[in-house]
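As written in TrEMBL, here are the features:
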- A:99-117: transmembrane segment (TRANSMEM)
- A:124-147: transmembrane segment (TRANSMEM)
- A:153-174: transmembrane segment (TRANSMEM)
- A:233-250: transmembrane segment (TRANSMEM)
- A:262-282: transmembrane segment (TRANSMEM)
- A:323-343: transmembrane segment (TRANSMEM)
- A:355-373: transmembrane segment (TRANSMEM)
- A:393-411: transmembrane segment (TRANSMEM)
- A:416-433: transmembrane segment (TRANSMEM)
- A:453-479: transmembrane segment (TRANSMEM)
- A:503-626: domain 'STAS' (DOMAIN)
There are 2 protein chains.
Amino acid sequence: MGNADNMNPPPPAIPPPQPFIKSLKNTLKETFFPDDPLRQFKNQPPKKKLALGLQYIFPILEWGPRYTLQFFKADLISGITIASLAIPQGISYARLANLPPILGLYSSFVPPLIYAVMGSSRDLAVGTVAVGSLLTASMLGNVVNALEEPTLYLHLAFTATLFAGLFEAALGIFRLGFIVDFLSHATIVGFMGGAATVVCLQQLKGILGLDHFTHATDVISVMRSVFTQTHKWRWESAVLGCVFLFYLLLSRFFSKKKPKLFWISAMAPLTSVILGSILVYLTHAEKHGVQVIGNLKKGINPPSIMHLNFDSRYLTTAIKTGIVTGIISLAEGIAVGRSFAMFKNYNIDGNKEMIAFGMMNIAGSCTSCYLTTGPFSRSAVNFNAGCKTAVSNIVMAIAVMITLLFLTPLFHYTPLVVLSSIIIAAMLGLIDYDAAIHLWHVDKFDFVVCMSAYIGVVFASIEVGLVLAIGLSVMRVLLFIARPRTLVLGNIPDSKVYRNVDQYQNAHNVEGILILEIDAPIYFANSSYLRERISRWIDDEEDRIRLSGETGLQYVILDMSAVGNIDTSGISMFDEVKKIVDRRGLKLALANPGAEVMKKLNKSKFLERIGQEWIFLTVGDAVGACNYMLHTCKSKLNSDEKYSNNV
Amino acid sequence: MGNADNMNPPPPAIPPPQPFIKSLKNTLKETFFPDDPLRQFKNQPPKKKLALGLQYIFPILEWGPRYTLQFFKADLISGITIASLAIPQGISYARLANLPPILGLYSSFVPPLIYAVMGSSRDLAVGTVAVGSLLTASMLGNVVNALEEPTLYLHLAFTATLFAGLFEAALGIFRLGFIVDFLSHATIVGFMGGAATVVCLQQLKGILGLDHFTHATDVISVMRSVFTQTHKWRWESAVLGCVFLFYLLLSRFFSKKKPKLFWISAMAPLTSVILGSILVYLTHAEKHGVQVIGNLKKGINPPSIMHLNFDSRYLTTAIKTGIVTGIISLAEGIAVGRSFAMFKNYNIDGNKEMIAFGMMNIAGSCTSCYLTTGPFSRSAVNFNAGCKTAVSNIVMAIAVMITLLFLTPLFHYTPLVVLSSIIIAAMLGLIDYDAAIHLWHVDKFDFVVCMSAYIGVVFASIEVGLVLAIGLSVMRVLLFIARPRTLVLGNIPDSKVYRNVDQYQNAHNVEGILILEIDAPIYFANSSYLRERISRWIDDEEDRIRLSGETGLQYVILDMSAVGNIDTSGISMFDEVKKIVDRRGLKLALANPGAEVMKKLNKSKFLERIGQEWIFLTVGDAVGACNYMLHTCKSKLNSDEKYSNNV
């Protein structure tokens, strides 16, 4: 070995032992503070630290002082634009959640104010969302019937909102934001598409003017409910619905063609509401089967903190609803905030946003609001209208407040069917065919996950779809860990580079040496697999050699570059592989094990068992040393033969 | 670029598109048939294939024809030895499961015969296990009281055994054996230790001669139950128990010291039973508070197939019990089989073993047996007694059959307290302090998992401990995926090798270039983290450069060697990283992306966006190209300066 070693750089050293506390601290920091949020606090005087701390919690203190009149002009326009969208959407989504329509307006007043102070996105517009509303309706509806016990149902909705807020804030405070990352893009595309389909199907009730309708959300129940009542369909309401839907879709079509005309589509819901209300008022259609909203109470949000219901009979439901709707709305809100931040080149701290969303919902639950987040459609309108800061949310809140104080009677004659059209138009935008097709082209498994979520939501229930998609995603990650790639490496001609022989046509095997790359950390979940797979590679290689008549296999080199970590099961695996290799009369060498792996192999005495001289810095070094030994042996053998011949 | 390129080997090519079906087939093969069990069938005539197939299902056909008289001598001795252990242990464990003692004998008759025909381990001795028995008692006991409804309880135990067998066989047939791998070594050490502690605590009932005892298994309930009944403690039984426990432990101590005396410890339980029975018979101690087994029915296993209970009220419990006990006993049986195979240098196919275990339990459930597997203690005795093949199991079964037919009356006077001593002695061997200490030294997290399992089992319940340990293990794997390592690489002097600067003291940064290694596949679960972490590395590097006054950062090279796969969220992450890098006026290069990653980056058009010329075969090539450009620019700048100076 000595000579071979001298030609090469020294092999990897065993890292010096770190104190347990220090390595624990490092691990915790990497796990919970990967973005190092406290970086700016370093080396600052205490006063500055306090100011920075306050700015960290209330970003408005950071951008507020730099606010200009020009910014305000932009924010005023975008604020009024999103208010015109928020009012009809708010009423529609509250109805979707089986809650009094006025709650939709309440929810567009308090939460945007909270977000304006605590949120760090400049483009997010706060409000209720269709999917969250539907989830609330379906999860609470399993326990309490909204028609029979409307007060209890309302109070449970507040309680669920409180729990959603607490859960969101807790995720942010304990820096567990990565839990949201387990909702993959594919899951969200499928789930949102499915939820949008379900929401559209639910609108058939309003469009067809039906009084009775199924409580189930799956397509089969809905279709059965629709087609067993054909005699009750109301053509007046259907015609009105189709006309407005056509108008809304047309306006969106134009806005998409010319982004400058975004305000046509932004204003369309409000104009639909106004036109619809005038039409009903003039024709008295409310007496001919066109249902209307009816009375809305004047005045801003009444407090609801005393209505929070912690009755043990409903507590589990409230907590479950809170957690599920909370995480779903977080996923949407964070994704929306991030994507607009990416456009405008600023940064968003996910955990900080979660705290803002949480506080917004906690405050909302005490002031007669239900679940709010940052809906994509509204934020996109806000962005297109040229908003500069969260002041546009404040403008929207003030516009909604004025509506609540003075304009609610105007909605008396608003036909429900217009609200249904507004919901359908918004939902059709959420079904993202292109994204699904893209998934199919790039990654088949992601497509399967996406379609499972979609089919689960549409044919079973929202919860089933979500569980299915998350289950599949997690299973995929676990399966990756359980079945890591192992690759055979070959030498790229005229270099010391070794690469996968399947990927690189010109890489060729080194005679007598099998080089394997292991492409994952070695854990209990894959150690048996790796042992079997490595022994199969050796079998395959020996078969190949037997057929080709090359020199027999002598060395097995494991390239450990990609092995980030190892646990005790993994170390036992190495012991077993060493035995397998020894039994076949081969020698085992390791190339480029990482610091963590070296430390554990050393602590478990595996380094002693394999011999420190069999650890190399690079695959090239390992091959060099093996070749050196191969040829020394051969020439020794040759000289021995000569010697014996001579004798 | 042109010049720089010419000096280096060609960059990685995009792999040719594979037909979807072919790549699906490959993935399925790697996932479910990693050990390629059909390898031996290749290129064989049909008749040979049939013979091989039968030998595959019934290994006895493979080794049977080579069986010799010498083998039989060895198997006879070891078979009788394990029978002497099986009889008292079987009775003890059946009592632990709250089942009639005779079931322990039945379970050592049929299942070993099945295993001898279908199993592929030569050293495994089949029988019931303490942990499985206790789990059966605690899970079925939640629904049916064994004392009040013994018949129902017995029938449910058969049904649970049937489901355990079906589940085990299904895992094997569908090649899902890797599910067992999710029970890590650390989990098993902690769980087994906890279960052994719980079993020992339960024996206090027998040792102290108590009639009433808690049904809970946690240490607090047991201690309360013991110490509230101090007035009912029976000294006779306690003395007897301690004496026999001392004898059993002493015999094990000697056997450990001198492995040749293994038979002392193997025979000790039977001698305890014989001595205890004689003592009770002579002193009539059964009338003085020493409980005895009483009548055991003569005759071999009665059929129980008609007693299987599929009543919907109990079905869930039976299935749940079957699955949990099935997977726990599989984990033990497979681990035992594998470790002895490793000693004797032969190979065991985990999935095939699962089918054997499954058939053994299915057959057992129809012939009045309950859950059996390959217990460690019994197999170790078998191994030490020099067994050669599974014939030792047949010998044991015949010995048990003889006992059942003729010798059961002899157990009438066997004191229960001796059985308790036998259980305690066996259980103390399962508490593996050394393994726990080893875990602490090598891997702190594994130690935490192990202790959680232990504490969960001892202080809460067996199920809680198991769920806790598996949950923690899976969470660890997910956390690894969610928080992959990223490392800064530096150049090792006088080489083209780049290694982690933290691990290698002599590796030094390349001026103007940041080289990062990503150590995991890039998935939805880590894509946000990686984006933030990479951007933090860039921040850190720029801070460092500002302080040291080096040339400003110009290039970011991502070493992709360890990135085994990528999904659509990961690709979006690359798009975002590209934007972040562009925004800072830097250039992004990728080194050594794998085939799968190249394919997906190409399909999603990211390769076009980044530019094919920014993909390199090695980090060295990438650095070379960047350096070339850096210096060309510099010299160009210099010549421009000169030019302007001259003008």
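Here the Cβ of each residue, glycine as well, is placed from N, Cα and C on the backbone.
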Folded-back contacts onto the transmembrane segment (A:453-479), same chain, C-beta under 8 angstroms, at least six residues removed:
131, 134-135, 138-139, 182-184, 186-187, 189-191, 193-195, 197-198, 216-220, 324, 328, 436, 445, 525
Which one of these stretches, A:124-147, A:153-174, A:233-250, A:262-282, has the most C-beta pairs shorter than 8 Å to the transmembrane segment (A:323-343)?
A:124-147
Which range out of A:153-174, A:233-250, A:262-282, A:355-373 gives the transmembrane segment (A:393-411) the most CB pairs under 8 Å?
A:262-282
Residues of the parent chain within Cβ reach of the transmembrane segment (A:416-433), under 8 Å, 6 or more residues beyond its termini:
88-89, 91-93, 95-96, 130, 189, 192-193, 195-197, 199-200, 203, 205-207, 209, 237-238, 240-242, 244-245, 248-249, 252, 268-269, 272-273, 276, 290-293, 376-377
By a Cβ-Cβ criterion of under 8 Å, what residues six or more beyond either terminus of the transmembrane segment (A:262-282) are in contact with it?
81-82, 84-85, 87-89, 240, 244, 247-248, 251-252, 254-256, 290, 292, 381, 384-385, 410-415, 417-419, 421-422, 425
Where among A:99-117, A:124-147, A:233-250, A:355-373 do we find the most Cβ pairs under 8 Å to the transmembrane segment (A:153-174)?
A:355-373
Residue list, the transmembrane segment (A:99-117) vs rest of chain: Cβ under 8 Å, 6 or more residues beyond ends.
58, 60, 83, 86-87, 89-93, 124-128, 133, 136, 146, 150, 153-154, 157, 293, 296-297, 300-301, 356-357, 359-361, 363-364, 367-372, 374, 390-391, 393-394, 396-397, 400-401, 403-404, 408, 411
Take the domain 'STAS' (A:503-626) and count its residues per DSSP category (helix H/G/I, strand E/B, coil), listing them in that order.
66 helix, 22 strand, 36 coil
